[in-house]
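Written below as structure tokens is the structure these notes are about.
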Amino acid sequence: MLPCGPALTFVRCLVRKKNIKGEGLEDSLCRCLSTLDLIALGVGSTLGAGVYVLAGEVAKSDSGPSIVVSFLIAALASVMAGLCYAEFGARVPKTGSAYLYTYVAVGELWAFITGWNLILSYVIGTSSVARAWSGTFDELLGKQISHFFKTYFKMNYPGLAEYPDFFAVFLILLLSGLLSFGVKESAWVNKIFTAINILVLLFVMISGFVKGDVDNWRISEEYLINLSEIAENFSSYKNVTSIYGSGGFMPYGFTGTLAGAATCFYAFVGFDCIATTGEEVRNPQKAIPIGIVVSLLVCFMAYFGVSAALTLMMPYYLLDEKSPLPVAFAYVGWGPAKYVVAVGSLCALSTSLLGSMFPLPRIVFAMARDGLLFSFLAKVSKRQAPLLATLTAGVISAIMAFLFDLKALVDIMSIGTLLAYSLVATCVLILRYQPSLTYEQPKYSPEKATLAASKRESAVSESQINMIQESHFSLQTLINPSSLPTEQTATTVNCFVGLLAFLVCGLSALTTYGTHFIANLEPWSICLLATLVVSFIVTILLIQRQPQNQQKVAFMVPLLPFLPSLSILVNIYLMVQLSADTWIRFSIWMALGFIIYFTYGIRHSLEGRHSDGDGDSCSENSGLQEKNPVEEVDEPENANESDKFLARERTSEC
């Protein structure tokens, strides 16, 4: 039995959960952001330069005019993830986003994996957007900057950029300084650039509807076949099919529309930066859900309007994949409008750069404050900004932008983002079926305390009765469980959620790599597909039968467990689509992260220090279990160092 002790202790270390106390929700960074600031941040980071490029690329190669439907499908898939983030923003209004949510619900190891991948995603995002900003500005100057550096600073090494991008470094360091100065000033800059970007997009939409032609959505297949014969010199062949699809609204069929939706899904990535502002926004329980939902709605309307205007102005098969809007304006005789588009593109890149850089130091700060990364990164400035985390993140991003060719690394961003989306949806499923949720901390009042105490007593009493009645697991208790959640029903849901993730992985792999066998109606593939689909549906229905926690928060995901389950399915399916090279690079980054975690983080974890007082250095501290109220108040020695630095009366000062 002795050898089992260290192993069990080690496992407890990996699954210990963050215990958020009410005091930690009060002592925070400078709360100076409004709901409008969050909406502008979400719109700015999500509605980046892709809106000026992506619509033309997808419409020409995948969707045609039905790109508007592709954006609608992508928006619905993104909203499912956004709603899960919104509920957690209402439940846990602290800095950390998906990292913190995973720490509270699933445990420390998964939290570190999530945070470590988000760091890589934001670093690559910041560096690539900075280089894109530099490249766009260089285009406006006739490529004089790139010509100069290629002549005098050319780098001929594999994996490195063609030339060092000094301008991108300047942009990142300038933005790092702005963020270090204070979040309030950064929010003002972001609102200005976001407003200009939206005005430019409104100009594009109105122009497109004025100069557009509905006939561009009704091009005949015969006309496209004639074009194909001319383009490919197929005049001597019979039964020629069009290389531009079959015409009409969906020239590439519904499969093309779905393929376009998969690409358009990434256009909505970025709203999760709102979830990192939990300690810097006033009334976060309401502001974060509103900010996420409204920003996604605004972005969908912008993508929908621009793609509709673009495909109305110009036939989809003539669209330019790199500069669709300037070419479309030239096509309708409004050539000078390209300068307006250029201004909007630079503003969009500016807000996108801020949207990538803003959450990066906050994830680093949250992990360092919890002891999983080096403690010096948790230091805050007198203006209550994560100073050292911001500067460190800025320097690393600047080095990446200065030296490396980031095109090969951009796909790794998708893994970090999709993994975070999947885990947040998983956490929502797990938490809603737990017997007690005590980390949502309303403002104190004697009346609320008395009411809450009476509710807890009644809930605990009934829960205890149910636990006695359900002491043995059976099919009857699975289908007809108690009216209130118990430890047994919570464990049942946890097992089903794990099974759900396994089924989704199998279903995604089969539909990705076994498409040929399914199309040929191979018996084994059809049987396996049917088994996975039926098991997936039955698992969701069994989860739905379990009792949910009755505690209400400002925002809760509707249609549980169906929406989070569909979100997990969409996200994992998109992860499976990524190339093997991307997963190899991801594995290398994770290996580096595990070295840091198992040599430093697991020993310096703040939750591990809290456990020391119980005589078990790695005892599991669930963020969901109720604690004795006296213990929660009388624990000054366990207070976080950063929280001590931020006195209560200073939290409102910026």
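Note: Cβ is positioned from N, Cα and C throughout, glycine not excepted.
Quick look at what Swiss-Prot lists:
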TOPO_DOM  1-37  topological domain 'Cytoplasmic'
TOPO_DOM  59-65  topological domain 'Extracellular'
TOPO_DOM  87-103  topological domain 'Cytoplasmic'
TOPO_DOM  125-162  topological domain 'Extracellular'
TOPO_DOM  184-191  topological domain 'Cytoplasmic'
TOPO_DOM  213-248  topological domain 'Extracellular'
CARBOHYD  N226  N-linked glycosylation site
CARBOHYD  N233  N-linked glycosylation site
CARBOHYD  N239  N-linked glycosylation site
TOPO_DOM  270-289  topological domain 'Cytoplasmic'
TOPO_DOM  311-339  topological domain 'Extracellular'
TOPO_DOM  361-385  topological domain 'Cytoplasmic'
TOPO_DOM  511-522  topological domain 'Extracellular'
TOPO_DOM  544-554  topological domain 'Cytoplasmic'
TOPO_DOM  603-654  topological domain 'Cytoplasmic'
REGION    611-654  region 'Disordered'
COMPBIAS  631-640  compositional bias 'Acidic residues'
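Nonlocal intrachain contacts for the topological domain 'Cytoplasmic' (87-103), taken as residues 6+ away from its ends with a CB within less than 8 angstroms of a stretch CB, comprise 17-18, 20, 24-25, 28-29, 110-111, 114-115, 118, 272-281, 284-286, 288-289, 292, 359, 362-363, 365-367, 370, 420-421, 423-424, 427-428, 431, 437, 439-440, 553-557, 623. Secondary structure counts, DSSP: the topological domain 'Extracellular' (125-162) has 25 helix, 1 strand, 12 coil. The DSSP breakdown of the topological domain 'Extracellular' (59-65) into helical (H, G, I), extended (E, B) and coil residues amounts to 7 helix, 0 strand, 0 coil. Every protein chain shown contributes to the tally, and the Cβ of N226 (N-linked glycosylation site) ends up with 14 other Cβ atoms within 10 Å. Across the range of the topological domain 'Cytoplasmic' (270-289), the DSSP-based residue counts are 13 helix, 1 strand, 6 coil.
Mean per-residue pLDDT, taken over the topological domain 'Cytoplasmic' (603-654), amounts to 48.
Beyond the topological domain 'Cytoplasmic' (544-554), the same-chain residues lying 6 or more positions past its ends with a Cβ under 8 Å from any Cβ of the stretch are 87, 90-91, 285-286, 289, 431-437, 440, 459, 478-485, 489, 492-493, 560-562. Long-range Cβ contacts of the topological domain 'Extracellular' (511-522) within its own chain (Cβ-Cβ under 8 Å, at least 6 residues beyond either end) map to 528-529, 573, 576-577. Secondary structure by DSSP for the topological domain 'Extracellular' (511-522): 8 helix, 0 strand, 4 coil.
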